[in-house]
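> The structure is given below, and queries will be raised subsequently.
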Amino acid sequence: MQTLLKKITPQSLKEAKEILLSGGAVAFPTETVYGLGADARSDDAVEQIFRIKGRPSDNPLIVHVHSDYDLSVLVKNVKPYVQALREAFLPGPLTLVYESRGTVSPKVSCGLETLAVRVPSHAGAQELLRYVDMPIAAPSANISKHVSPVTAEHVYADLAGKVPLILDGGQCSGGIESTVCDVTGDIPVVLRSGLISQEMIESVVGCCETYTLRAGEAARSPGMKYKHYSPRCRTKLFPSEALADAENCFREIVESGETCYILCENAVCERFPSDRVLDLGKNEFEMAANLYDLLRRGEREADVIVAIEPAKKDGVMAGVLNRLRKACAE
Ligand code: TXA
Ligand code: MG
């Protein structure tokens, strides 16, 4: 299959719509990462997404809709506090998990009774979703377990030959996947941290918990149990206070003749040769925006990425650290 990469224009949107209506898949930009979209109402269209990505069949997908879409078509028994969350954060990088009405293919939620719904704020994503006016199931547009794509070129590197069309909307501004928050209970529960932090949700609803998977327990968000976001080179991760250990590790790898890059926050970059540094940036938003692009650069150019955790741990950094740790997990 030939894969076309096209800027978002009336013509490319028309082509995207034709592909989606005939059950095919199209990659498109959002403000977090690129998504691989298909008609959420069609079993076959949804199944193909799992096949293209090599995604485990028990890891459910998020449905994407435009900001005027009537959500009550998709979900039911919505808790009163959800209205305030929608007003504060939608459209934007917050995915809410509701009780499903069962109007989309059961394959989207892998048989669960719930449905994850996202209203992206990216102008190109909104244009596409409004133009097709249907729920689009879309995971991140990468091969399963690889680093998520934040440019159309990243999508092409993973999915060339597997999808007919990639809509190019430039580099994603957010850089890590949306926060996934379960709103089926009396208190919102963050299942995957992201650009809308637990603290931000708390400030609107008054309370919010972050779910942590306990040993032996079934994952409430099935994606949590899988290895994720991994660059295709060796990695080593050091806590922020183990800077000296990271420096020693870097030196040893260089002395062994291998190419080693350091992935770290801006404040510690100057300790390393500038042509070997992947600079995450100065604050949590810069670090989220840069992380995946730097991991992909690292895997192309280095034998080993030595990563040092940034000092800040809360807020949006909870999401960045979660991705960094999974990317560097054994
Ligand atoms: O920012 C994003 O969310 C991107 C863009 C493309 O919108 N999408 C994305 O999708 O990251 P994906 O498939 O890579 O991650 C979806 C996450 C998984 O962790 C999955 O387990 C969780 O959402 N999820 C989906 N449906 C769920 C449900 N019904 N209950 C609990 N977790 C769910
Ligand atoms: Mg993903």
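Any Cβ shown, glycine's included, is placed from N, Cα and C.
Sharing the features that TrEMBL gives for it:
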type    : residues                                     : note
BINDING : T32, H64, A138, S178                         : L-threonine binding site
BINDING : R55, N59, T114, R118, S140, S148, R192, Y229 : ATP binding site
DOMAIN  : 10-196                                       : domain 'YrdC-like'
> Identify, in sequence order, the residues in the chain of T114 (ATP binding site) that are 6 or more apart from it along the sequence and have a CB within less than 8 Å of its CB; answer 'none' if there are none.
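Listed in sequence order: V97, Y98, E99, S100, D182, T184.
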> By CA distance, which of the binding-site residues (R55, R118, S148, Y229) lies nearest to S178 (L-threonine binding site)?
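In terms of Cα distance, S178 (L-threonine binding site) lies closest to R118.
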> Which binding-site residues among N59, S140, R192 have CB under 6 Å of ligand 2?
S140
> Taking only the binding-site residues R55, S140, S148, Y229, which one has a CA atom nearest to the CA atom of H64 (L-threonine binding site)?
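That would be S140, the closest of R55, S140, S148, Y229 to H64 (L-threonine binding site).
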> Give the sequence-ordered set of same-chain residues, not counting T32, H64, A138, S178, with Cβ within 8 Å of the centre of the Cβ atoms defining the L-threonine site.
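Here the nearby residues are T30, V33, G35, I62, P93, T95, R118, P120, A125, S140, E177.
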> Does any of R55, S148, Y229 have a Cβ within less than 6 Å of an atom of ligand 1? These are the binding-site residues; tell me which, or none.
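List returned for ligand 1: none.
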> I want to verify one value. Collapsing DSSP to three states, which class is R192 (ATP binding site)?
strand
